Amino acid sequence: MSYSGLAKTILQLVGGAENVDALVHCATRLRFTLHDNGNAKKTELQNLDGVLSVVESGGQFQVIVGSHVSHVYKELTTLLSGGTVSASTERRESKPKGAIGARIFEVVSGSFSPLIGAMAGAGMIKALLAVLVMLKWIDPASSTYLILAAAANSVFHFLPVLLGISAAIKMGANGYVGGAIGAALMEPNFTGLIGSQTATFFGIPVVAINYASTVFPVFIAVAILAILEKFLKRVCPHNIQMFMVPMLCLLAIVPMTVLAFGPFGVYLGDLIAAGINWLSAHSGILTGAVIGGSMMFLVVLGLHWGIVPIIIANLGMGGDPIAAMWAPATFAQMGVALAIFLRTKDANVKALAGPATVTGLLAGVTEPIIYGLIMRFRRTIPVVVIAGAVGGALNGAFQAKLTAFAFHSVLSIPVFTPVLQYAIGIGTGFGLALLLTLMIGFDKKPVKTENKKRPMATTASLATS
């Protein structure tokens with residue numbers, strides 16, 4: 001089936017264009033916000049050739065199509081709005097559904113989804129630079145290195161700007177006003193106040209903080225922006241809204257962020273990061289085992305997005321232990337896939353398992369493995385849990401940390417520290433899963449309710465999906 005045909009069928013099965021309130025995509029998932037989930041034909045979607053699985057989570061109806069998601073998304077946006085919808089634009093304002101936790105998760109997920117590609121690409125440049133320096137092929141003091149480092153650091157340094165745009169769009173506000181709020185925190189005149197003991201705003205003392213790479217301050221600011229902008233559009237005359245609403249929003253939100261939201265957000269992020277680092281330092285083995293053993297289930301439900309802001313906050317403090325404990329679970333999935341490839345005599349299964357293993361190892365995207373193999377052959381689920389827990393416990397004991405955002409792949413090993421111990425942890429997860437699956441096998445009769453068709457262009461994670 002062509003991408004165009006797949007997109008048309010998916011749109012029909014989710015209830016048609018009139019049932020779609022919003023659509024974004026990430027590494028492998030089409031994330032719909034539907035007017036009524038009951039109008040979607042979930043079973044038919046799961047059995048559709050080219051669809052790996054369907055998940056309802058965080059107020060979203062997620063159709064998992066694999067690594068060709070951007071092609072299908074492009075066709076869907078053409079069908080929905082003549083191709084004018086961007087990767088994070090909502091077709092009409094949608095009201096978040098479900099409990100407050102689900103609403104917050106939906107906003108976090110939808111805000112980070114458009115940025116993951118840029119973040120992962122920049123992280124891989126950091127990994128490449130680390131290898132080049134280690135091999136003494138490039139001098140870290142050279143202008144060549146500094147230019148490449150600028151490409152690697154830009155996404156993370158200016159994250160408040162990028163996140164301000166995507167979060168504002170997700171919350172139904174003006175994305176560029178949201179970006180301007182983030183940019184105000186990075187503006188040279190403001191950053192020049194950092195460390196000043198006399199900075200004030202109309203006599204109110206200002207705590208000027210370095211907001212580079214922060215997440216929580218701009219999230220809080222944009223949430224207030226969405227409320228304020230909606231109110232101002234109701235009360236301002238239409239003929240002056242174009243400039244008056246953004247002006248009043250910036251005049252109100254930027255000072256409030258500098259005075260209150262920003263410092264609170266930074267302290268909140270620091271508190272969470274300090275708590276996680278304390279757990280890692282005092283109970284690394286237990287923490288690593290829990291994270292490594294449970295992470296696959298969070299990915300299956302799409303709930304792993306809630307961890308991304310915490311990981312980024314930890315990176316701002318010098319390193320993140322969560323991603324290092326998570327990694328063995330990802331590599332365990334690859335080990336299962338390789339074992340299935342080696343053992344199966346089914347040509348279709350072998351055709352899925354081989355490319356999915358290679359792509360997982362090189363790119364860190366494992367959802368085709370999860371939905372095409374592990375959820376199909378459920379005997380392998382305990383294998384992933386055990387191998388992920390053992391590898392996670394090792395990385396917890398080693399106090400391994402991620403130093404730059406990247407997917408879990410063999411190419412991203414240099415951005416973890418200590419490198420050798422981290423490699424032992426992920427190698428244990430991969431090897432143990434491979435051996436256990438070879439020893440106990442996998443279900444000879446796959447679960448019938450899962451999609452048994454080979455996904456289109458199957459080539460299947462720190463932020464997989």
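All residue numbers here begin at 1 and follow the chain in the order shown.
Cβ coordinates come from backbone N, Cα and C, glycine included.
Just so you know, TrEMBL annotations never went through curation; they're auto-generated.
Of the listed segments 61-80, 381-400, TrEMBL assigns transmembrane segment to 381-400.
Note on Cys26 (active site, phosphocysteine intermediate): other Cβ atoms within 10 Å of its Cβ, all shown chains, come to 27. Same-chain neighbours of the transmembrane segment (176-195): 157-165, 167-169, 206, 208-212, 214, 217-218, 221-222, 225, 229, 246, 249-250, 253-254, 257-258, 262, counting only residues six or more beyond its ends whose CB sits under 8 Å from a CB of the stretch. Helix, strand and coil content of the domain 'PTS EIIB type-1' (4-86), in residues and according to DSSP, is 34 helix, 22 strand, 27 coil. With a threshold of 8 Å between CB atoms, the same-chain residues lying at least 6 positions outside the transmembrane segment (240-264) that come near it are 174, 177, 180-181, 184-185, 190, 201, 204, 206-209, 211, 217-218, 220-221, 224-225, 228-229, 232-233.
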